[in-house]
Number of protein chains: 2
Amino acid sequence: MASARQVNIAIIGAGGVGKCFLSQLEWLAARRQNQKLVLTYIATSKKAVYSDSYSPIALDSVVSTLSSSSQAPLALPKLVDYLAASGTKTVLVDNTSSQDIADAYPSFLRRGISIVTPNKKAFSGSYKLWQDIFAAKEEGGALLYHEASCGAGLPVISTIKDLVETGDEVTKIEGVFSGTMSFLFNSFAPTSGAGGGKWSAEVAKAKELGYTEPDPRDDLNGLDVARKLTILARYAGLEVESPTSFPVQSLIPKELESVASGDEFLTRLPEFDAQMEEVKAEAQKEGKVVRFVGSIDVASKQVKVGLEKFDLSHPIAALKGSDNIISFYTKRYGSNPLIIQGAGAGGDVTAMGVTSDLLKVLAQL
Amino acid sequence: MASARQVNIAIIGAGGVGKCFLSQLEWLAARRQNQKLVLTYIATSKKAVYSDSYSPIALDSVVSTLSSSSQAPLALPKLVDYLAASGTKTVLVDNTSSQDIADAYPSFLRRGISIVTPNKKAFSGSYKLWQDIFAAKEEGGALLYHEASCGAGLPVISTIKDLVETGDEVTKIEGVFSGTMSFLFNSFAPTSGAGGGKWSAEVAKAKELGYTEPDPRDDLNGLDVARKLTILARYAGLEVESPTSFPVQSLIPKELESVASGDEFLTRLPEFDAQMEEVKAEAQKEGKVVRFVGSIDVASKQVKVGLEKFDLSHPIAALKGSDNIISFYTKRYGSNPLIIQGAGAGGDVTAMGVTSDLLKVLAQL
């Protein structure tokens, strides 16, 4: 058997998802046949580990090596040069949600550096960035996968790509795209009638359990869902300009948009419980429950994000915990959609999306 | 840009799935950049088209070329030699359900010929064949994909492979794996209470609508589901010897197992309606419905196929039409499984599974 070809890995980000990815990478590298995976760069926003000789960074101790490092991260243009100069096939794993790094994707790709990432920003930013990224990918002969940018480890991006690339026509996509929103509404308006506290109490509970961002407004503004819809709509053929170029319902009361902190927001949120109670009661009157969903209608080019009412028997109403559900209506699948459901957030499952993307890249290098 | 690399395609089978695949291949070949797809062999069980000079067979007229051909198919060992001698990367697309062709996969793979197929037989036959196939694939450096062998175009095989290859542990798989069984039970025991004719009438109706094999016993014996379970169980790590090495409940009454024809079977089936009525009534007494499901419990190494009762709110009970549903319980996903749902049969969606596999192979050639 030929000796193992080397592939260099560079990683930015070592937070919740990043740490889970590192442990999956260690598992993978130990089992990889025919390819030797070598970590040559790792950085957080403050620290980095790398060397001019591209010495392998040991995976089993990388977290402590990184935390005790005194090296600063390379500026992005320098990082591009550093990785491209190695003379070895290289994959950049961007485990951040940084817009700056996303903006630099074209520079990496054009130099033949492949990218795998859960970062939504690159694919849901301006349409120009989207076009630049895919043009640079072609130009550089690089590979690019971002399964975990929508639905974490669920096969959402790969499914829409398979549908479109085999000639199917996506007509509609609908679903619950946020683990936080799923958890909130499954608790606030359960199908089983019983339970369901006041809205503000549910938000506080979700925050306490770690289901929301530090400031819950970052979930409640709907932007995270809008970003995922932007990505899917673009794959479905719509030239969506940005995640703010279509209607997105924010669940932040106007009066609380500019309060100073997430804590102050939570303290004042009970003043607005009556509004959400009314929304819930209105749905109940029709025998329905309210859910926070996103939808894309390809023919009418309509993308929207917000509250909608669903029959108790509807799969969206019947979701549990913080699960996502995404329904693809296509020409081939007809009236019964192709549905993907399951945890759409969490370190391990998000990292799994990144790792399975890495496997796809490795198979092609 | 470099000139397009050529990839040869050989196809066996031009039935329902095969014809849909041909039309998707024509669509794909016209759009493929950087690669020139050349059809160099196509055969049914009776006819074939090929030439010693590997002349391209025009995709837009291939069906009529094939039907008017006077060439006989090459015997499988000759076909291996023919394809391997071309000196060009070649993909064999097996759109049959032939055991003989499946048995020959190792010979193709060992010679570096990649395979994509919806044929279940290769992966659900003897465990020895399974081992031979994957050993030959390694030896020949060939690629092998068979998404459509379970759940047609639904991302079932790719999902279990992604889970396992990124280090997750599959603990349980459960679902409705047969479009025919799904249709039959969704009609026979609907969740909405109303409707649901006699069992024999539902079987006759399903046959009339084209949802069953010509002889419905080929669906009702449960073997098709057992084959799919065998494949998934093996990917989950169980060394399942064959699709008959675990309990499979047949819905063919003993007395009708050996009647001469599917028609005679249907004529006599009403004699046994009371039995199925009893099964249905027993479930109803518990507020449940009966469904034909398969399940794999990895820890206890238990694989089984047969009737089970489900709460009306269970996703398996709520299926519609002839949809499949497959739930993957894993260590990472915890108590809420990763669920894939949608049409699990039909020419176009099955062919889509084959075409998306071909795209994966093409990306690596």
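For all residues, glycine too, the Cβ spot is worked out from N, Cα and C.
According to TrEMBL, the protein carries these features:
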{"type": "BINDING", "residues": "A:G13, A:A14, A:G15, A:G16, A:V17, A:G18", "note": "NADP(+) binding site"}
{"type": "DOMAIN", "residues": "A:13-147", "note": "domain 'Aspartate/homoserine dehydrogenase NAD-binding'"}
{"type": "BINDING", "residues": "A:T96, A:K120", "note": "NADPH binding site"}
{"type": "DOMAIN", "residues": "A:155-359", "note": "domain 'Homoserine dehydrogenase catalytic'"}
{"type": "BINDING", "residues": "A:E213", "note": "L-homoserine binding site"}
{"type": "ACT_SITE", "residues": "A:K228", "note": "active site, proton donor"}
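Close to A:G16 (NADP(+) binding site) in the fold, though at least 6 residues off in sequence, lie A:G347, each with a CB less than 8 Å from its CB. For A:T96 (NADPH binding site), the same-chain residues lying six or more positions away in sequence with a CB closer than 8 A to its CB are A:I12, A:G13, A:G15, A:G18, A:S45, A:N119. Sorted by the number of other CB atoms within 10 A, the recorded positions A:K120, A:K228 start with A:K120, the lowest.
Calculated from their C-alpha atoms, the gap between the residue listed as 'L-homoserine binding site' and A:V17 (NADP(+) binding site) amounts to 14 Å. Excluding the listed site residues A:G13, A:A14, A:G15, A:G16, A:V17, A:G18, the same chain places A:K19, A:C20, A:F21, A:N95, A:T96, A:G347 with Cβ atoms within 8 Å of the centre of the NADP(+) site Cβ atoms. Within the same chain, the residues at least 6 positions away from A:A14 (NADP(+) binding site) whose Cβ sits under 8 Å from its Cβ are A:L22, A:I42, A:T44, A:V63, A:L66, A:N95, listed in sequence order. A gap of 14 Å separates the Cα atoms of A:V17 (NADP(+) binding site) and A:K120 (NADPH binding site). Counting Cβ atoms from all protein chains shown, A:G13 (NADP(+) binding site) has 24 others lying within 10 Å of its own Cβ. Neighbour density for A:G15 (NADP(+) binding site): within 10 A of its CB lie 14 other CB atoms from the protein chains shown. Residue counts for the domain 'Aspartate/homoserine dehydrogenase NAD-binding' (A:13-147) under DSSP, helix first, then strand, then coil, are 64 helix, 23 strand, 48 coil. When the Cα atoms are compared, the residue listed as 'active site, proton donor' and A:K120 (NADPH binding site) turn out to be 7 Å apart. The average pLDDT computed over the domain 'Aspartate/homoserine dehydrogenase NAD-binding' (A:13-147) stands at 97. Counting every protein chain shown, the number of other Cβ atoms lying within 10 Å of the Cβ of A:V17 (NADP(+) binding site) is 27.
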